[in-house]
Amino acid sequence: MRRLTDLLKNIYGAQVQGDLTVQIEGLAYDSRKVQPGFAFICIEGYKTDGHLFAQNAVENGATVIIAEKPVTVPSSVTVVTVEDTREALAYMGAAFYDYPGDKLNIIGVTGTNGKTTTTHLIENILVKAGKKVGLIGTIKNKIIDRVLPVTNTTPESLDLQALLAEMVDAGVDYAVMEVSSHALELNRVAGCEYDQAIFTNITQDHLDFHETMDNYLAAKQKLFINLGKNSRKSRNKYGIINIDDSKGQSFLEVTHGQVITYGIQSAADVRAEKIDLRSDGVSFTAVTPRGSVDLKLNLTGLFNVYNSLAAVASGLGENIALPVIKEALEEVKGVPGRMEKVEAGQPFAVLVDYAHTPDGLENVLSAAREFTKGRLITVFGCGGDRDRTKRPIMGEVSAKLSDFTVLTSDNPRSESPAEILRDIEEGVKPIIGPEKYTVIEDRKEAIRHALNMARAGDVVVIAGKGHETYQIVGTKVLPFDDREVAMEILKEKFS
Ligand SMILES: CC(=O)N[C@H]1[C@@H](OP(=O)(O)OP(=O)(O)OC[C@H]2O[C@@H](n3ccc(=O)[nH]c3=O)[C@H](O)[C@@H]2O)O[C@H](CO)[C@@H](O)[C@@H]1O[C@H](C)C(=O)N[C@@H](C)C(=O)N[C@H](CCC(=O)O)C(=O)O
Ligand SMILES: Nc1ncnc2c1ncn2[C@@H]1O[C@H](COP(=O)(O)OP(=O)(O)OP(=O)(O)O)[C@@H](O)[C@H]1O
Ligand SMILES: N[C@H](CCC[C@H](N)C(=O)O)C(=O)O
Ligand SMILES: [Mg+2]
């Protein structure tokens, strides 16, 4: 329980109508979650407007409304008008939970691809170093060993603060989290002070939301601009940057933190040499300011060398010894749904991967090509209600890099699967003829087609859904797991 004045401390220009000393029992940004004595924060969203539910919130017991524009509520209710309710939600949430982020070391990873993988690698390093770790990201949220469900990659600010507070109560030392560009743009992480900010890469995605690559870049840079600014914690801040990325330098320029660069092509602080890619992993020497170390990882693909270098740099930033980092990284068997093998005794390889961007697909197919002796067969689709412009580019990537492509449905959401497939096909047609691809909307049948045509030495990549255990069709969430579907089909044939 807190007083309203305490919660408004970091919000400038708030105009209050009513009692400022009222005690707040809880906060909610969804009127349906309001309980007696709560403050309801109205958010103008993309689907609806929270201001429309102010009265509803009052009926559920809200005594305070935080709004950006006029709301009609009884005069007994305190109304606070602020410029940005999403920002207010974040700052009020941090204050309500007594600034949990200040009691933790927080490592934030942003970038188009590699966030989930990199956070998993860092988690392993920190655990190996004896730290208690919390994880926040696409696959799962985790407090030490307790796994919690996930709705978004980066939770809404209030939920994030509640989660960080739970971590503090559980004795967590480090929170390692993915910071999506949506979260940065929508102020989900405002009020959360990072100790390390990591940039993996930036390539096209989410233009439905950000509209331009410049806006997308600016959203990601926020994590670095805020690093070490108005710091409440007395410790070193590190900006860890992939300097091989064409935008890497721009992150270096905006950050207030100490910079550690990583890369393969550039003269980076942490770099990889003598890279040896195999089908079952990659070996390389990590050269760092604290010496070199030979690493033999179970993750394959050049992109995983980058993810590992980011994790090495992160470990060094936390003063973890190289032998500990080595042991931790070498123990990682894989990340669920990322180049995950499905094996039922078949004479060809089947990989389920989460590539859902042009760059992700290019990376995963290039990696697979390295160990494909026969044909590389790709099954993929694109999500509905997401960046439409990436669809033909992904079509082009698969057409160029695969020997055969099966286009299928991903999560169509509110869109027509056939139309999404037509968008992808636009990119395929100019590159290859109909003998090199097919369109099978039903994802299970598409996977069956690819597995039926595969012969010894071939590699089948099923991309886009990775760890997902569902398929979103319209508003329905139907059970669907690429790994289970592939296994079931393979078992029918090979065991
Ligand atoms: C575009 C986007 O990010 N939208 C997020 C946003 O929704 P919104 O603001 O549009 O909400 P809205 O549905 O219009 O509702 C407005 C307000 O009215 C409230 N409301 C609504 C109904 C009611 O009866 N009462 C009520 O109070 C809602 O609680 C909300 O506060 O805020 C919601 C609450 O936090 C999020 O769940 C929602 O994520 C949606 C589901 C989503 O799909 N987001 C994706 C695009 C996303 O964020 N992805 C990134 C990862 C991307 C990547 O890196 O690949 C992520 O971090 O997950
Ligand atoms: N560093 C990287 N560079 C390019 N592609 C990568 C990289 N790491 C992983 N990938 C590819 O992108 C896919 C997604 O990887 P990962 O889940 O680690 O990224 P993410 O940034 O967390 O994605 P999301 O935005 O969905 O949270 C992988 O399955 C792989 O195909
Ligand atoms: N975090 C990404 C995941 C995309 C995964 C793909 N399966 C899809 O549904 O488009 C997004 O929300 O855009
Ligand atoms: Mg992720």
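Each residue's number is its place along the chain shown, starting with 1.
In case you wondered, yes, glycine gets a Cβ from its N, Cα and C as well.
What TrEMBL says about this one:
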- Gly111, Thr112, Asn113, Gly114, Lys115, Thr116, Thr117: ATP binding site (BINDING)
- Arg386, Asp410, Asn411, Pro412, Arg413, Gly464, Glu468: meso-2,6-diaminopimelate binding site (BINDING)
- 24-97: domain 'Mur ligase N-terminal catalytic' (DOMAIN)
- 109-314: domain 'Mur ligase central' (DOMAIN)
- 337-466: domain 'Mur ligase C-terminal' (DOMAIN)
- Lys220: N6-carboxylysine (MOD_RES)
- 410-413: motif 'Meso-diaminopimelate recognition motif' (MOTIF)
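Sequence features annotated in TrEMBL and their locations in the structure.
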residue : record                                : DSSP class
Gly111  : ATP binding site                      : coil
Thr116  : ATP binding site                      : helix
Lys220  : N6-carboxylysine                      : helix
Arg386  : meso-2,6-diaminopimelate binding site : coil
Asp410  : meso-2,6-diaminopimelate binding site : coil
Glu468  : meso-2,6-diaminopimelate binding site : coil
Remark   = Among recorded positions Gly111, Thr112, Asn113, Lys220, Arg413, close to ligand 3 by Cβ (under 6 Å) are none
Note = In this structure, the one of the binding-site residues Thr112, Asn113, Thr117 whose CB has the fewest other CB atoms within 10 Å is Thr112
Local Cβ density at Glu468 (meso-2,6-diaminopimelate binding site) - other Cβ atoms counted within 10 Å = 21
Message = Can you tell me which of these recorded positions sit near ligand 4, meaning the Cβ is under 6 Å from at least one of its atoms: Thr112, Asn113, Lys115, Thr116, Lys220, Arg413?
response = Lys115, Thr116
Task = By CA-CA distance, flag whichever of Gly111, Asn113, Gly114, Lys115, Lys220 among the recorded positions is nearest to Pro412 (meso-2,6-diaminopimelate binding site).
result = Asn113
Query = Under 6 Å from ligand 2 by Cβ, which binding-site residues from Asn113, Gly114, Thr117, Asp410, Glu468?
reply = Asn113, Gly114, Thr117
Query = Other than Gly111, Thr112, Asn113, Gly114, Lys115, Thr116, Thr117, which residues of the chain come within 8 Å of the ATP site, judged by Cβ distance to the Cβ centroid of those residues?
reply = Val109, Thr118, Glu178, Thr200, Asn201, Asn307
Inquiry  = Let me spell it out: take the motif 'Meso-diaminopimelate recognition motif' (410-413), skip the flanking residues so only those 6+ beyond its ends count, and list any with a Cβ under 8 Å from a Cβ in it.
reply    = 356, 380-386, 420, 443, 464-465, 468, 470-474
Spatial separation of Asp410 (meso-2,6-diaminopimelate binding site) from Lys115 (ATP binding site) - C-alpha basis, Å = 21
Message = Excluding near sequence neighbours, so keeping only residues 6 or more apart in the same chain, what lies with its CB under 8 A of Asn411 (meso-2,6-diaminopimelate binding site)?
response = Gly383, Gly384, Lys465, Glu468, Tyr470, Gln471, Ile472, Val473
Model confidence over the domain 'Mur ligase C-terminal' (337-466), averaged pLDDT = 97
Ask   = Restricting the comparison to the recorded positions Lys220, Asp410, Gly464, which residue's C-alpha is spatially nearest the C-alpha of Thr117 (ATP binding site)?
value = Gly464
Task = If we count other C-beta atoms within 10 Å, could you say which of the binding-site residues Gly111, Gly114, Pro412 has the fewest?
result = Pro412
Counts by DSSP class (helix H/G/I, strand E/B, coil) across the domain 'Mur ligase N-terminal catalytic' (24-97) = 25 helix, 18 strand, 31 coil
Query = Under a criterion of Cβ-Cβ distance under 8 Å and sequence separation of at least 6, what residues of the same chain contact Arg413 (meso-2,6-diaminopimelate binding site)?
reply = Gly383, Gly384, Asp385, Arg386, Ile472, Val473, Gly474
Request  = Find the shortest Cα-Cα separation between Lys220 (N6-carboxylysine) and the binding-site residues Thr112, Asn113, Gly114, and name the residue that gives it.
outcome  = Thr112
